[in-house]
Amino acid sequence: MFSKLKFLFSYMHQYRWWYTGGILFLALTVWVSVTIPEFIQRSIDLIADGRAGNEADFNKNVLIIVGLALALILVRTFSRILIFIPARLIERQLKGEMFRKLSSFGKDYYDENLSGSIISRINNDINGLRLIAGFGILQIGNIIFSLSLTPYKMWQLSPALTLYCIVPMVVVFIIVRIGMAIMVKNTRLQMNTLQRLSGKTISFLSGNSVIKSYNIYDYAEREVQKENISLFGQTLKIAWIRSFVMPLLFNLGQILKIVVLFVGGMYVINGKFTIGELTGYIAYAALLSQPIMGLGWVLTIFQQGFVGISSIQTILERRGADEKRQALPDEIKANLFGDGIRVKNLNFTYHNGEKPELQAISFTIKPGQVVGITGKVGSGKTTLINCLNGYLRPEKGMVYFGDLDAADLRSEDIRSSVRTVSQEVFLFSDTIENNIAFGSEKAPTKNDFKEVIYKSSFADELARFPKKEKTLVGEKGIMLSGGQKQRISLARALYTPCDLLILDDVFSAVDTDTERFLIKQIFDNHPAKSLVVISNRISVLEKTDFTIVLEEGRMAAKGNHRELLEQSEFYRDILALQQES
Ligand SMILES: Nc1ncnc2c1ncn2[C@@H]1O[C@H](COP(=O)(O)OP(=O)(O)OP(=O)(O)O)[C@@H](O)[C@H]1O
């Protein structure tokens, strides 16, 4: 509880002058609200008195009431502006911090959490915190000022009647608290279900083509329906409680009016109260019901918001993958690949895996070399290159850039030298040009756009698009074929110079002519100091300085084309298969 409050105040503190102004205007709002009934009371007494000379006083009172009402509009508006704006600014700041933090997490975090549920959590949790920092603070101020001024004014008029009013207030408050507690519990369940539902919806939407091709609509529908039914049940429960608690809260003012009218009416009949005092008292009773209503809301907002704060804290306090690592000085970073890369007895087990996926792998890539990696499906090829490009983080003493242990380097620094074109192409919903230039803003030099398009064998196809490089690719590149997407991704990698270029099976979705062209461009005139190419095509592998053959995560063989023909059965098999076809 204390740590959550501390967390909240650390953000609110920056806007302390906004809040101070807001609270001052709030105090004024309450003061004006409780002053108006005094003038109403006096005016009614003047009417009841019925004397001819009362008119001037009566008119003066009415003018004062109108003036106070106008002042009330102003001060109330200012109090809300000064409290709600910092809450929105805190929301914006937190969303930015959460996004930066989430971008710094490694693969393990995203393996454990569905993206839909992360999005839903961020929205709900930060929303909860904003409600505390805005509406919650406003209500607390309102309650404190109203509950200290209004009962005081009521007590001055009649202590006994004030005690009569407190009884229904306490009863309503207890009922509302119980109702709110049940509501909060169900709201929490509802939020969890909503997270799961968004997670599933996003994954089904992105796997839409698989659902269509395998005709598994029923499965997708059942999965979504399951969450929908729980969500419906929880929402209904909340609606039931709300339909009981809310009328009680909203009608508390009416209940108090009945009590005041009944007991206060008796006082008027017995001459203890004037009719003006009774009217003033009724206005106070109405004013008093507002903070009591607010109290119910405040408790709910704080309970829900605190759940959100702990979830935000878990994300913000989690260490980013690179937080413990020191950034490299620019001159070292620029020459990171100067002596190549050395892999020494590399073993790697995924954080959620049971057995090592890579075992005892050792090799060195010198600047200028072209290295092939081949092996059966699931033999560890992608895992191996991800250990080189900083996406996966092997233990200390296994991968070195010159003398620097990769385990001590920031992923960002590694990626300034190592670029990967992965199997899973990701294109943004933007133009072809922007997709290629993506991430190049900070690069000191860029290659010629037209040359990059040519080298990626995309020039002819680009010329056929009516809008050329300004063509929009649609969500995740839906307007393009698999091969086109792969070549845009290759062009993106070639656009800014790098030292080590890794190509993960980029020839898989292209025809033989394109493959031949790409091989010529990349091998004869290769754009980086060194190349690592994952492929099972002999036409590619025969051009490398050496190729590593992986079998179940182990290095089964290593050598050039001629050596592998002697050493590796797998290599001979794929050659035979490709010669046949
Ligand atoms: N995120 C992960 N968590 C746990 N295990 C994983 C993860 N990614 C891959 N693996 C496992 O690691 C092994 C090697 O996978 P990897 O993707 O490196 O193989 P690959 O040789 O590149 O396969 P392919 O030819 O299909 O691309 C597989 O058994 C796979 O199940």
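Every residue, even glycine, has its Cβ placed from backbone N, Cα and C.
Owing to the predicted nature of the structure, the values given are computational and were not obtained by experimental measurement.
Record features (TrEMBL):
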DOMAIN    21-304  domain 'ABC transmembrane type-1'
DOMAIN    341-577  domain 'ABC transporter'
TRANSMEM  61-85  transmembrane segment
TRANSMEM  129-149  transmembrane segment
TRANSMEM  161-184  transmembrane segment
TRANSMEM  248-269  transmembrane segment
TRANSMEM  281-302  transmembrane segment
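Beyond the transmembrane segment (248-269), the same-chain residues lying 6 or more positions past its ends with a Cβ under 8 Å from any Cβ of the stretch are 158, 160-161, 164-165, 168-169, 172, 175-176, 275, 277-278, 281-282, 285-286, 288-290, 292-293, 296. Sequence-distant contacts of the transmembrane segment (161-184), counting only residues of its own chain at least 6 positions beyond either end whose CB sits under 8 Å from a CB of the stretch, comprise 151, 154-155, 237-238, 241-242, 244-245, 248-249, 252, 255-256, 259-260, 263-264, 267, 281, 285, 288-289, 292, 295-296, 299-300, 303-304. Nonlocal intrachain contacts for the transmembrane segment (281-302), taken as residues 6+ away from its ends with a CB within less than 8 angstroms of a stretch CB, comprise 33-34, 36-37, 40-41, 128, 131-132, 135-136, 139-140, 142-143, 146-147, 150-151, 153-154, 157-158, 161, 165, 169, 172-173, 176-177, 180, 183-184, 245, 249-250, 252-253, 256-257, 259-261, 264, 273. For the domain 'ABC transporter' (341-577), the predicted model reports an average pLDDT of 83.
Residues 8, 11-12, 19, 22-23, 26-27, 29-31, 33-34, 79-80, 83-84, 86-88, 90-91, 94, 287-288, 290-291, 294-295, 297-298, 301-302, 304-306, 308-309, 312 of the same chain lie 6 or more positions beyond the ends of the transmembrane segment (129-149) yet place their CB under 8 Å from a CB of it.
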